[in-house]
């Protein structure tokens with residue numbers, strides 16, 4: 001999916017060079033988070049020359065390190081946390097530079113709602129906290145920091161071990177043992193073999209005796225790799241197959257490791273000189289390297305390197321066109337952004353708005369209520385706490401464009417029925433956002449019928465308000481020939497079983513089965529849906545109950561456009577849909593102050609696809625619960641896609657998800673829905689899929705839809721098993737082994753799933769055998785998993801997850817199918833928050849090719865290898 005129109009331009013991705021000042025370090029006072037912590041201490045904050053970690057040492061304590069890939073935010077000056085200790089303030093403050101301008105805060109953590117804050121105050125004559133904050137944030141979100149090879153991961157682990165010294169300035173052996181998978185005879189023998197220790201009583205190693213080559217040799221001793229011998233033997237030459245010749249290695253790179261679908265003009269094969277350069281770089285034995293030969297160690301060094309990544313780094317950088325209308329993008333979106341836990345009893349926070357925006361989310365939700373004197377944000381009629389509206393607006397202003405320059409949409413659910421407080425809300429937006437707030441539409445993109453939305457590139461660094469808007473009365477006159485029954489009334493008969501097909505995890509509470517209105521038709525028996533645990537829509541679309549019903553509908557303008565009302569696909573008082581919509585009551589009237597801020601994203605209640613088609617108002621958006629959207633997708637998939645080509649839709653979780661679990665977003669990406677809003681505070685599998693998708697294209701929060709969803713007059717049926725103009729592929733993957741999966745001796749297996757169109761989605765079918773009690777170097781090596789026909793590769797995502805037998809996840813990756821590189825590859829793993837794990841990886845073999853129907857397979861093989869085919873045919877005839 002991330003590869004949609006990825007060839008717009010290629011990007012050279014290089015890691016920024018580290019400023020010398022930051023390598024040498026800056027003097028700070030590190031102050032505690034609370035009065036109960038230890039007293040403030042002076043430290044020198046440094047970054048290693050390779051840009052892997054920052055580190056510092058407090059007096060009488062071990063050196064501390066923080067991997068830069070774990071950093072979520074940096075703040076300097078007024079945005080950083082200020083110390084409250086009067087003695088500390090007196091120590092660092094002077095008349096020329098106030099303490100506010102000397103502060104630096106570094107934020108890190110796996111979960112967005114469980115963060116750690118490191119606080120520093122500069123004591124330099126010329127404070128450098130702004131340089132530290134800016135560079136660390138740039139480096140933390142850079143593609144070369146987050147998407148690394150095994151080689152880089154090993155270098156990072158080595159760097160951290162070498163820098164994390166004890167009070168004596170030496171490396172504790174116990175830390176090294178932990179990295180190597182825990183205490184064992186093999187580890188003890190390995191440490192002795194490479195000369196890092198001389199006996200079991202050694203407790204530390206001097207940094208000057210600890211070299212990268214020795215660390216790599218140590219890893220080889222501890223993590224034996226018999227599977228590499230098999231790969232090497234198939235290539236090896238010489239008397240005892242001791243090496244791979246330059247010619248053999250060239251064939252290996254240009255055949256086994258190359259995508260057969262690549263154009264040889266745009267992507268030339270590797271030349272002799274390039275192959276020789278590889279050998280020179282990766283072969284440590286100078287004698288073999290001088291002869292252009294590669295040993296087993298050299299081959300593995302190549303396989304682990306940046307030159308053999310499973311996905312090219314430029315796919316993670318911004319590479320897609322950003323000049324299409326907003327409706328042509330998937331847009332990273334959050335639901336009930338303010339909540340840090342469940343939907344019934346949790347804390348509301350302004351901090352999570354910062355964290356969500358930093359991940360690249362471009363649409364956040366604000367549920368606004370009338371406070372005593374100030375408007376507040378809260379989950380109405382629950383035990384959740386509230387947060388001041390102004391505090392949230394300030395947090396959004398601070399973080400909206402720190403990691404992405406593209407527009408942010410504020411989705412207001414406005415229950416403030418007080419014109420004075422609504423006016424105060426509008427004024428806060430104007431005053432705090434300033435020029436960032438988009439109030440007047442662009443002259444090139446007027447808000448009129450039959451126009452198009454502006455592209456992200458035209459509204460960079462702009463904040464757009466989605467709120468109810470006062471409408472001219474002239475708009476409310478419908479054509480005389482139209483009936484008043486909404487088109488989607490007929491779809492309300494979809495059963496709750498269909499609705500719950502979107503469940504990704506079992507909610508704490510479930511809604512009772514919906515009772516359809518008597519006037520609704522019963523869905524045909526051909527409408528089959530998978531079990532709720534599959535979390536995907538039906539693989540075959542249902543026939544709409546009636547064709548005429550869809551063509552009817554009232555075009556009268558409706559002023560009740562709240563998220564709680566939008567997306568109801570009936571004009572009857574459909575009780576169950578009301579329950580799905582959430583806990584809050586109907587939205588308040590839009591007064592002029594807030595209404596005047598609304599332009600390109602105007603919420604309206606959905607009537608029918610035909611009415612939307614006739615109105616041709618690209619700036620109108622409707623919101624749907626996941627269940628209502630699934631019913632529309634089930635009955636009218638092509639209409640839904642066409643609707644999302646012209647204008648935008650927002651999908652949000654049903655009210656039964658009180659535990660803040662998420663539905664599977666892929667379902668609605670298949671229909672081209674732009675704002676597929678999820679609960680970011682819960683890092684479940686749907687959220688991991690969302691993070692996996694939106695880390696591509698530079699984590700901008702915008703992913704260009706596939707051409708079939710964007711091209712005017714192009715018909716696209718997401719339930720189709722064949723698409724004109726798209727060559728389906730066959731993907732085969734073999735999970736060979738794992739490396740350093742856990743520091744504990746646990747039993748593991750690997751799951752392999754695919755998400756995409758219903759025809760492409762395969763879940764819970766493929767998993768390896770379980771390897772008992774070995775998480776250091778488990779050898780899976782079972783049958784390859786075959787995805788025989790992937791209909792739309794650039795809308796498909798491959799999931800690979802390493803699991804313990806108790807169901808716990810050790811690491812995972814979501815990878816775009818159309819960007820995968822075939823051959824033998826290592827895949828470095830991520831935690832549940834999609835942050836890189838340092839050492840865990842898996843070794844795989846991948847094959848990708850054009851799909852050939854079984855009845856044409858023999859003919860295809862004859863075309864590819866005619867001589868071989870003829871010989872086999874002659875042999876078969878002789879045997880007969």
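Just so you know, glycine gets a Cβ as well, placed from its N, Cα and C.
Look at residue 335 (active site): DSSP puts it in coil. What TrEMBL records for 335 (among others) is active site.
Its Cβ taken as reference, residue 379 (active site) is surrounded by 24 other Cβ atoms within 10 Å in the chains shown. Per TrEMBL, active site is recorded for 379 (among others).
Under the heading Ca(2+) binding site, TrEMBL lists 336, 365, 367, 413. In the three-state DSSP classification, residue 413 (Ca(2+) binding site) falls within a strand.
Annotated compositional bias 'Low complexity' per TrEMBL: 473-547, in sequence order.
What TrEMBL records for 556-566 is compositional bias 'Acidic residues'.
What TrEMBL records for 594-710 is domain 'PI-PLC Y-box'.
Under the heading domain 'C2', TrEMBL lists 710-837.
Taken from TrEMBL, the feature region 'Disordered' covers 467-577.
Confidence annotation: the domain 'C2' (710-837) carries a mean pLDDT of 96 in the model.
Mapped onto three states, the DSSP output places residue 379 (active site) in coil. For residue 335 (active site), the spatially nearest entry among the recorded positions 365, 367, 379, 413 is 365, judged by CA separation.
Over all protein chains present, the Cβ of residue 413 (Ca(2+) binding site) has 26 other Cβ atoms lying within 10 Å. Across the fold, the C-alpha of residue 365 (Ca(2+) binding site) and the C-alpha of residue 379 (active site) stand 11 Å from each other.
Across the domain 'C2' (710-837), DSSP classifies residues as 6 helix, 59 strand, 63 coil.
In sequence order, 343, 365, 367, 379, 660, 679 are the residues of the chain that are 6 or more apart from residue 336 (Ca(2+) binding site) and have a CB within less than 8 Å of its CB.
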